[in-house]
Amino acid sequence: MAEAIVSVTVQKLGQLLLEEPLFLFGIGDQVKQLQDELKRLNCFLKDADEKQHESERVRNWVAGIREASYDAEDILEAFFLKAESRKQKGMKRVLRRLACILNEAVSLHSVGSEIREITSRLSKIAASMLDFGIKESMGREGLSLSDSLREQRQSFPYVVEHNLVGLEQSLEKLVNDLVSGGEKLRVTSICGMGGLGKTTLAKQIFHHHKVRRHFDRFAWVYVSQDCRRRHVWQDIFLNLSYKDENQRILSLRDEQLGEELHRFLKRNKCLIVLDDIWGKDAWDCLKHVFPHETGSEIILTTRNKEVALYADPRGVLHEPQLLTCEESWELLEKISLSGRENIEPMLVKKMEEIGKQIVVRCGGLPLAITVLGGLLATKSTWNEWQRVCENIKSYVSNGGSSNGSKNMLVADVLCLSYEYLPPHVKQCFLYFAHYPEDYEVHVGTLVSYCIAEGMVMPVKHTEAGTTVEDVGQDYLEELVKRSMVMVGRRDIVTSEVMTCRMHDLMREVCLQKAKQESFVQVIDSRDQDEAEAFISLSTNTSRRISVQLHGGAEEHHIKSLSQVSFRKMKLLRVLDLEGAQIEGGKLPDDVGDLIHLRNLSVRLTNVKELTSSIGNLKLMITLDLFVKGQLYIPNQLWDFPVGKCNPRDLLAMTSLRRLSINLSSQNTDFVVVSSLSKVLKRLRGLTINVPCEPMLPPVDVTQLVSAFTNLCELELFLKLEKLPGEQSFSSDLGALRLWQCGLVDDPFMVLEKLPNLKILQLFEGSFVGSKLCCSKNLENLEEWTVEDGAMMRLVTVELKCCNKLKSVPEGTRFLKNLQEVEIGNRTKAFKDKLISGGEDFYKVQHVPCVVFENCEL
């Protein structure tokens, strides 16, 4: 990873030399020498990074280079911030100005000395590395990182998420057992060591068509070592209930929550998966909501067989076995050679020989095989496969697996997969160390943090319209393809990963590497009490700190935050306090001493006032102020607009991807926004909100909508009455959301001509007509949402030829005036969901007439 850090530092030094020569007056030569030395050392780092696991001496040299790069950035940043601060104070008196000049001269001399000292350190490391035999790389061959990532995205589809080898017979047996259960609660346990495929098997059962038909409701909850009863119960209830119940469920007291969930499970036939439950005590604190007399069933995954037998001694216990050599190669082949049909048979045979040598080192563990398969999928030649094989033999034998245990073996394989990551993707991987076990990470936030810290390198040569956010997404996709992170949710329209999480074994590797690289300090409240954890931060030189509270800590105020001296943590670059309850509702004043801070989040905290010292944070890139109540913003935040925004201000935001804008009903605003289309060529999501006043006429958005030709998502909150013609919409439009539009005419006359529409959401007041006919040309429609109050006058619905639509809308149950639903040309499975006893029958049971036309029998 040092290679990526040095590259960023070299780039920043180059920008300073080019853009700030006056600031560097007197020390420019020293800065240039430092840049040259870093460039030279960067040529050694590829070989050094690969040899770190073999030699502690090499590890120390790499760490020294990394720290020297950080130190150089910190020194120059601090100097420029101090100089800029003096400049802004505008000293007028001659003596004070003279003192300022003398101070700057002293500072320059001091900075120059520190830069020379860093350069000297690096020169000594370079000499030592040469003597040790570290090889110098004169440049990377082949594609650039961004190009290779993009090429792999096209040639390596998301096959990893669906592979199932060695579990086929177990799957069918467990599914049949599950759907043949009686009227008493039964627990099906999948038990085995980490990396054996327990969660993979549970997911296959959870989504099996027989299971989906048998049960009415479904819930999947990650439990993990830190089992918090309220959170688990809430997650189960939220999964099982309708979205309009969410706020009420979240407001329930613990006792009410347990009672209501118990009644719900007794009334309904539900399937609940408790993934990764660790101990008997966790089962004891959760089990009270599960009624004995019920058609519901529970699947739990655990590493502890005692937990499985304790939960239900008479239940179904399944213990997946290690893969055989043949099964191991089958899984590796599926992942590593997927999409390579054009490879010569002789090369495939050679790769198979190497692959079979490689899987022997995996000991039959599916996780290790899957991760290595993802690694080999990035290698296209026999020589590259052979090199991986040699490194595996070396790494596994020397990597600490002397006891031969499977856990140590898989840990070695996962560590090797990290070493093979491209340098900048390594930093993205290590950022997962910030998050607790089994945490579902929002990718947008993760990517924005990596961008803000300079971890995502700008792309010089790439296709038009590609942004730095796209490159960040590519980094994340690379981790997905290598099975180093697991996808939570994908965007239906764009297929981008929206949320993801990390397997706990992979997370252990992530934490280990993050510690080795001094990347982040993780404070875990299970290791020391809360106050000591926070106070310990005051003596640390970390640039990133993750405070992870456990054991109900979320219900208490963080009383020790005021004891932390941020003044001693000046190197900190990210401070994320999301969800914390801070005593007094105010951050300490010495937050302003964190002069290198790039990211500060007080999201969903009780902070009511920002300290005035926040104005000192000149390098701030991301400031998240989405708090629970009102927030006082001090006037130290210069040029921080808190009033209305002029649409013309958007003309400078040429890379904007999503825009939500509130307009008056005046045509001038529409003309201005329409003109933005000439500049906002990368806009993918647009939300337009116009006040719906009774006396005002409907809005004509034809010109505005047709101006943006690349939109993938469009949301309209306005009085419309009639949709624009199909020619007005972007051909890429995949999602359309309508609020308060008052549509009278059937919108499907237009919507059926939009070829890529996948999501249609109709909210309150969006349609006031009496008939909807969805009859043709909507083959790609996958999701259709109808909210309560959306179509109160609707009498008839026709659904035909929407072959990808998974079911009728959830909100169909709100359409009290609905008299007829006609469904045509659909599968038997779709039909079975809607007939009496079917999974979705509750949606249409109030409709007098449900007609199935030309459906499978």
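In case you wondered, yes, glycine gets a Cβ from its N, Cα and C as well.
Feature annotations, reproduced from Swiss-Prot:
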type	residues	note
COILED	27-60	coiled coil
DOMAIN	148-461	domain 'NB-ARC'
BINDING	Gly192, Met193, Gly194, Gly195, Leu196, Gly197, Lys198, Thr199	ATP binding site
REPEAT	653-678	repeat 'LRR 1'
REPEAT	680-703	repeat 'LRR 2'
REPEAT	754-780	repeat 'LRR 3'
REPEAT	791-816	repeat 'LRR 4'
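Note: Thr199 (ATP binding site) has non-local neighbours Asp275, Asp276, Thr301, i.e. same-chain residues 6+ apart with C-beta under 8 A of its own C-beta. The Cβ of Met193 has fewer other Cβ atoms within 10 Å than any other of the binding-site residues Met193, Leu196. In the repeat 'LRR 4' (791-816), the DSSP tally of helix, strand and coil residues is 5 helix, 5 strand, 16 coil.
The Cβ of Gly197 (ATP binding site) has Gly166, Leu167, Pro320, Pro366, Leu367 as same-chain neighbours under 8 Å, each 6 or more residues away in sequence.
Annotation for Lys198 (ATP binding site): same-chain Cβ neighbours under 8 Å, separated by at least 6 residues, are Ile190, Cys191, Gly192, Thr301, Thr302, Pro320.
Compared over the binding-site residues Gly192, Gly194, Gly195, the count of CB atoms lying within 10 A of a residue's CB peaks at Gly195. Counting residue by residue with DSSP, the repeat 'LRR 2' (680-703) contains 2 helix, 5 strand, 17 coil. Close to the recorded ATP site, the chain also has Thr301, Arg303, Pro320, Leu365, Pro366, Leu367: residues not among Gly192, Met193, Gly194, Gly195, Leu196, Gly197, Lys198, Thr199 whose Cβ is within 8 Å of the site's Cβ mean position.
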